[in-house]
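The next block holds one structure in the form of structure tokens; read it before the comments.
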Amino acid sequence: MEENMNLKYLLLFVYFVQVLNCCYGHGDPLSYELDRGPKCPFNSDTVSIIIETRENRNRDLYTLQTLQNHPEFKKKTITRPVVFITHGFTSSASETNFINLAKALVDKDNYMVISIDWQTAACTNEAAGLKYLYYPTAARNTRLVGQYIATITQKLVKHYKISMANIRLIGHSLGAHASGFAGKKVQELKLGKYSEIIGLDPARPSFDSNHCSERLCETDAEYVQIIHTSNYLGTEKTLGTVDFYMNNGKNQPGCGRFFSEVCSHSRAVIYMAECIKHECCLIGIPKSKSSQPISSCTKQECVCVGLNAKKYPSRGSFYVPVESTAPFCNNKGKII
């Protein structure tokens, strides 16, 4: 399983090198069409919704039309907080990292977790090897995925009386930008802003040179938290209210030499799950003071990565030291 993941991301990385160097040098990356055939199609029938609560962990598949069959959606109101999880290119909501992230959320704070499985539009089901040629299509599909998330959000707010303050989005790679487009759409619908969007190593190719309106942006939610773990598959640019650069945003400890970039890119999801599961937080030190020891951090200047980040007053870019194994924090995770 791990070898297949490594091979997938290696092929993706090789392709990105070619695309970035040859294809995306000029013009709007989102308008570039490498493939004009019906590959990686997006429509409401190609997206599955997986809903998890403490009472129901079956991970059954739903659509917009069948949501009302889930026990939670049979209620007149939904009172628990909601988290959307959105995967990235050639991935799915059924990959181990995303299952673990959903489980951590449900176990921690009794969230209702809604995982958006857009694997068809993310090119996951295309022919092996060739699927990586269709990345531009998947990148364009992120806007449609965002609109889909916004449609579910509208249902939650209008029919189930959930406050936008109780809805958070978490997206990895292309899923981070899809979350950003959802944030833009709900504002267009006059629903307000999501309480938070967490971008887990947002994808760099097709988005790095884009204006705020064409990618995940700080204005897409009340609070936008970005976790940077790679500098080629993921962007190095500051995008959020807070930007955490784990191990300086590249070459994550424990990822080895040969698959460092691809392993580092996926490590963002693992870090978030560990931050939720364990009290030991990964501590962000202001980049301007990155040489100072963690032991000297105060709650006024340093920030814990994860669900509690927005409780800290500091904003901006942060360096986060990490260890090579879970739970990855290199001390007891306390800020004085």
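Along the chain as shown, the residues are counted starting at 1.
A Cβ is built for glycine as well, from the same backbone N, Cα and C atoms used for every other residue.
Straight from Swiss-Prot, the features:
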ACT_SITE  Ser173  active site, nucleophile
ACT_SITE  Asp201  active site, charge relay system
ACT_SITE  His265  active site, charge relay system
DISULFID  Cys40-Cys123  disulfide bond
DISULFID  Cys212-Cys217  disulfide bond
DISULFID  Cys255-Cys263  disulfide bond
DISULFID  Cys280-Cys304  disulfide bond
DISULFID  Cys281-Cys329  disulfide bond
DISULFID  Cys297-Cys302  disulfide bond
SIGNAL    1-27  signal peptide
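The structure, with features from Swiss-Prot marked on it.
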residue : record                           : CB count, 10 Å
Cys40   : disulfide bond                   : 26
Ser173  : active site, nucleophile         : 32
Asp201  : active site, charge relay system : 29
Cys212  : disulfide bond                   : 13
Cys255  : disulfide bond                   : 21
Cys263  : disulfide bond                   : 21
His265  : active site, charge relay system : 29
Cys280  : disulfide bond                   : 18
Cys281  : disulfide bond                   : 24
Cys297  : disulfide bond                   : 21
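Secondary structure at Cys304 (disulfide bond), as computed by DSSP, is strand. Here the CA atom of Cys297 (disulfide bond) lies 28 Å from the CA atom of Cys217 (disulfide bond).
The local packing around Cys302 (disulfide bond), expressed as other Cβ atoms within 10 Å of its Cβ over all shown chains, amounts to 22. Among the recorded positions listed here, namely Asp201, Cys212, Cys281, Asp201 has its C-alpha nearest to that of Cys263 (disulfide bond). According to its DSSP assignment, Cys212 (disulfide bond) is helical. Cys255 (disulfide bond) has His265 as its nearest neighbour among the active-site residues Ser173, Asp201, His265, going by CA to CA distance. When other Cβ atoms within 10 Å of the Cβ of Cys123 (disulfide bond) are tallied across all protein chains shown, the result is 24. Closest in space to Cys304 (disulfide bond), of the recorded positions given as Ser173, Cys212, Cys281, is Cys281, taking the CA atom of each residue. For the disulfide-bonded residues Cys217, Cys329, the ranking by surrounding Cβ atoms (within 10 Å, all protein chains) places Cys329 first.
Straight-line distance linking the Cα atoms of Cys297 (disulfide bond) and Cys281 (disulfide bond), rounded to a whole number, equals 13 Å. Taking Cα separation as the measure, Cys302 (disulfide bond) is nearest to Asp201 of the active-site residues Ser173, Asp201, His265. Separation of the C-alpha atoms of Asp201 (active site, charge relay system) and Cys40 (disulfide bond): 22 Å, rounded to the nearest whole number.
With Cys280 (disulfide bond) as the anchor, the candidate recorded positions are Cys40, Cys123, Cys212, His265, Cys329, and the one with the nearest CA is Cys329.
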